[in-house]
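What TrEMBL says about this one:
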- 30-178: domain 'Out at first protein BRICHOS-like' (DOMAIN)
- 202-267: domain 'Out at first C-terminal' (DOMAIN)
- 1-26: signal peptide (SIGNAL)
Amino acid sequence: CARPGSPRAPALAGLLLLLAPLLGTGAPAELRVRVRLPDGQVTEESLQADSDADSISLELRKPDGTLISFTADFKKDVKIFRALILGELEKGQSQFQALCFVTRLQHNEIIPSEAMAKLRQKNPRAVRQAEEVRGPEQLHMDVAVNFSQGGLLSPHLHNVCAEAADAIYTRQEDVRFWLEQGVDSYVFEALPKAPEQAELPRCGQMGDRGKPCACRYGLSLAWYPCMLKYCHSRERPTPYKCGIRSCQKSYSFHFYVPQRQLCLWDEDP
């Protein structure tokens, strides 16, 4: 980090977020940030950190009304993506459709909950854009999560995925890890295996809404604190935390649906 008066000081003055002392514990800390989406539009993002539960949640609304949320449960090594997708009533669709995708959380993906709880903005009106765009991820979700038992996987699942009780998906490779951690196998239910899915037509290529198909849903976390920044000074013998690095990352989930009408957004040829 630059010292005051150095050529880099003006850039430092625009530093997004600082790690302020935590004034108390108990209630989750919330931060509201204006962020620029990949398509250039601006939305407000809410970030909450609960250092007692060791979890982080992020929520934003896309311009089309879709509500995207992300929950990181550090205690259980679980991350949960949820999408509430508005239906087109004039096409006979339901008011909204909910999806939940549950995968293993790697601890270097996002900053710790304790650090998130200390974040403060210098300029709340500024529009934030991610400093780093991380590579997109393709995830083939071949296992369903039993909602009634989902609390054994993460205590956050019942609340986050309540609207998506019949559409909670995960991956076999993540299931193997959680089973090794002691999660009961009856939390998970097998879906058609990959070779069977490969034989299914893409939902976007089907006209019959009553037949099974391979669905795809894509979402993007437009802005999230992915790394801590460390500064150096002559007054301190060791580097110290002085801010965060922000990232953007896109995910594409591929999964089986028993009926085409459960994947009406996937209309690509």
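Here the Cβ of each residue, glycine as well, is placed from N, Cα and C on the backbone.
Fair warning: this is a prediction, and the values are worked out from it, not measured in the lab.
Within the domain 'Out at first C-terminal' (202-267), the DSSP-based counts of helix, strand and coil residues read 7 helix, 44 strand, 15 coil.
For the domain 'Out at first protein BRICHOS-like' (30-178), the model's pLDDT averages out at 92.
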